[in-house]
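According to TrEMBL, the feature active site, nucleophile maps to 157. According to TrEMBL, the substrate binding site annotation covers 185, 186, 187, 188, 208, 209, 210, 211.
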Ligand code: GLY
């Protein structure tokens, strides 16, 4: 099986100066995931590596530079899911954490619980030897500016779906959540079936956009059910985004990957940086489904 990875950097309206760094960032993320896959690594390792690359890049709303609560706190959500075992790990509302996707992975591997939140998640991170950061290391000028502008429509997330050479699928997503959110607010990112879903026999999906609407629509589970009904990844992505719009009046984006390596993406926001890497075609990318700004 030829490995494939699809990633996105959030569905929202980019500022002009964010076009190039956002497309570069998703390409780097897809390359980080493909580096794992091309050495025979697992889909789960690949999506974790791809999301970590975006968490470390302050252009994205995840990890370093994640959006802030209305009282200036950094509280992040993340999840990861294995398409073979259908086990997942998720963390919610974790203060000052650079790589919540790896904390979610540790929750999945540990297996006692599936979703950990707040200070308890931080205590678990210490037990597992995962580093906690000081708030000042993670809060960027960009995040403070966003809070000042109160761009509350910005509820973007980063995400990755991968297929490895053994035919296993995985998905991981990570976010700072909505800018100017109430402290304690948890979005769709750590909620199975809403922000993420994967089943090796059906496909994988990762969502971005208004978390409250994505939870109401149970977006990713329903998107994968469209695949089960026989839709292509592209049609399932378009149908699920339109369904959310009809049912909630909100905007979002989604990436999808089938068990045969077919990819699909759709968004009804002005932009959603994305990249796809596969052994056959190298890396393709754009800042929306229509437009690329890189040569
Ligand atoms: N989709 C990110 C959030 O609403 O938290």
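Cβ coordinates come from backbone N, Cα and C, glycine included.
Of all Cβ atoms in the protein chains displayed, 31 besides its own lie within 10 Å of the Cβ of residue 208 (substrate binding site). Candidate binding-site residues: 185, 186, 211. Those with a Cβ under 6 Å from ligand 1, in sequence order, are 211. Counted within 10 Å of its Cβ, the other Cβ atoms near residue 209 (substrate binding site) come to 30, all protein chains included. Shown are the binding-site residues 188, 210; of these, the residue with the fewest other Cβ atoms within 10 Å is 210. Residue 187 (substrate binding site): 26 other CB atoms within 10 A of its CB, across all protein chains. Counting only same-chain residues six or more apart in sequence, the Cβ atoms lying under 8 angstroms from the Cβ of residue 186 (substrate binding site) belong to 77, 92, 93, 117, 177, 211. Residues 185, 186, 187, 188, 208, 209, 210, 211 are the ones the record ties to substrate, and the longest Cα gap between any two of them is 16 Å.
Residue environment of the residue listed as 'active site, nucleophile' contains 35 other Cβ atoms, counted within 10 Å of its Cβ in all protein chains.
In this structure the alpha carbons, written CA, of residue 208 (substrate binding site) and the residue listed as 'active site, nucleophile' are 5 Å apart. With respect to their backbone Cα atoms, residue 209 (substrate binding site) and residue 157 (active site, nucleophile) stand 7 Å from each other.
All protein chains considered, the CB of residue 211 (substrate binding site) has 27 other CB atoms within 10 Å. Secondary structure at residue 210 (substrate binding site), as computed by DSSP, is coil.
Here the residue listed as 'active site, nucleophile' is positioned 10 angstrom away from residue 188 (substrate binding site), judged by their C-alpha atoms.
Taking Cβ-Cβ distances under 8 Å and a sequence separation of 6 or more, the neighbours of residue 185 (substrate binding site) in its chain are 69, 75, 93, 177, 178.
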